[in-house]
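Enquirer: I am attaching a structure below and will ask some questions about it afterwards.
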Amino acid sequence: MIERSVESIIQMLDADYIENGGLTRMVRGVCIDSRKVVEGNLYIPIIGERVNGHAYAVAAIEAGAAAVLWNRSEPNPPAQVTVILVDDTVTAMQNLAHAYRRSLSVKIVGITGSNGKTSTKDMLAAMLSTKYVTQKTLGNQNNEIGVPLTLLALSSHTQCAVVEMGIERMKEMEMLTAMVEPDIAILTNIGTAHMVNMGSQANIAKAKLEITQGMPKQGLLIVPDQRLVADAIDAAMREQLRIQTFGIDPDCTACLHDIYQSTDGVSFCINDNDDQYFVDMLGEIQAYNAAAAYLAARELGIQDKDIALGLTRIEKTGMRNELMQVRNCTILNDSYKSNPQSVIAALDTMEALPSAYKIVLLGDMLDLGKEEVMIHYQLGKALAKYNIQEVITTGDLGCYICQGARSAMKHDNIQHLCSQEEIVTYLRPYLNMECMILVKGSRALHLDEVITALQEDGE
């Protein structure tokens with residue numbers, strides 16, 4: 001974590017200040033939540049939609065904050081510690097993170113894409129940890145607040161960092177990449193997530209490829225073998241970058257072959273090497289994520305044997321393609337988020353897993369723009385291609401999945417349930433049955449709470 005004197009923080013931000021308690025006091029780490037402040041933190045109050053963090057500055061100081069950032073427009077700055085005056089605390093945090101990043105001797109890999117960012121991050125961090133002191137984005141802190149927190153959490157001893165970079169709107173990546181300055185960038189894929197803000201997949205690709213703008217000359221851009229490669233090549237040429245690809249095409253830098261999925265995970269080979277890699281994560285898509293991580297790891301000097309070793313030591317982020325056993329029932333928990341591409345990937349994963357009776361619980365996919373109703377309806381129709389015995393939908397948009405499924409599937413075990421209580425009540429009897437339930441929906445629906453309730457019933 002950042003360890004600097006209050007005076008040094010002020011200089012890094014080129015900020016005005018109100019001195020209370022001396023400028024030589026050391027800051028150790030930053031915190032945006034007054035309830036989580038520990039001794040020596042720099043407290044950074046954020047103005048949110050419902051809560052203004054400035055109101056909790058005194059509580060943060062009582063918990064041990066060494067200094068406080070403060071919006072000039074906010075009245076009554078606290079008098080107990082030095083107050084660093086800024087025009088906007090979020091922007092100041094980003095500027096501090098950038099200055100701190102530049103002070104470190106660390107190689108940074110930035111990861112973006114519509115799906116697979118977190119899994120790729122977890123895999124790559126495990127690979128790099130076999131040789132280097134490595135840190136990674138914790139959880140899903142990948143936005144304009146999470147990314148600076150990730151950078152400011154880096155130790156001065158960290159040699160490699162894997163930073164997840166997520167965006168929802170055009171031009172957001174420009175700010176993130178200017179802050180992070182990644183030496184290597186991975187673009188996992190381009191889907192339809194956040195279409196409502198970006199308008200088209202072409203715009204999504206353009207926005208995510210802005211990650212190249214913060215990279216050094218001759219940095220490495222890693223992209224999948226799909227239609228956006230032409231755009232990636234253009235972006236790489238503009239920024240004088242190198243480019244490598246991953247996928248199943250023989251011309252890919254990392255060519256996948258012999259991909260095999262089981263209930264334990266997925267195995268695969270890369271290029272002419274017939275040695276198998278294995279990752280205990282579900283879904284063929286994980287082989288692609290691993291191939292992207294493989295290229296970044298090789299670029300940073302990790303040998304094949306250590307890449308294989310790293311894949312056995314992954315510290316996984318939860319609620320993504322997790323198999324859970326509750327009595328006789330197997331639950332495939334992929335409840336963290338949902339978009340059309342990730343739903344199809346989850347269905348493909350379920351299709352490859354053995355079970356005589358399969359149930360899918362699907363909720364809304366958000367931020368899809370003006371075509372959202374038709375996208376949900378078409379997804380429902382696509383369910384007919386799979387060996388599924390029952391379909392349950394939920395959410396305002398989930399009802400259109402239900403309608404699409406009813407129009408295409410040959411059985412009528414399809415229904416729309418409105419509440420978590422209804423879902424849990426309906427699914428509870430299946431805990432005693434040998435079956436598999438896929439749970440997939442946008443985070444806003446909190447379908448993980450359905451799983452928690454079923455687990456409690458199963459105890």
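Every residue, even glycine, has its Cβ placed from backbone N, Cα and C.
Marked as domain 'Mur ligase N-terminal catalytic' by TrEMBL: 27-101. The domain 'Mur ligase central' annotation in TrEMBL covers 111-297. The ATP binding site annotation in TrEMBL covers Gly113, Ser114, Asn115, Gly116, Lys117, Thr118, Ser119. For 320-443, the entry in TrEMBL reads domain 'Mur ligase C-terminal'.
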Enquirer: With a radius of 8 angstroms around the mean position of the C-beta atoms of Gly113, Ser114, Asn115, Gly116, Lys117, Thr118, Ser119, what other residues of the same chain does the ATP site pick up?
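Expert: Filtered neighbour residues, in order: Ile111, Thr120, Thr188, Asn189, Asn289.
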Enquirer: Could you count the residues of the domain 'Mur ligase N-terminal catalytic' (27-101) that DSSP puts in helix, in strand and in coil?
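Expert: Computed counts for the domain 'Mur ligase N-terminal catalytic' (27-101) are 26 helix, 18 strand, 31 coil.
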Enquirer: Sort the residues of the domain 'Mur ligase C-terminal' (320-443) into helix, strand and coil with DSSP and give the three counts.
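Expert: Looking at the domain 'Mur ligase C-terminal' (320-443) with DSSP, the answer is 55 helix, 29 strand, 40 coil.
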Enquirer: Least buried of the binding-site residues Gly113, Asn115, Lys117, Thr118, Ser119, going by other Cβ atoms within 10 Å?
Expert: Asn115
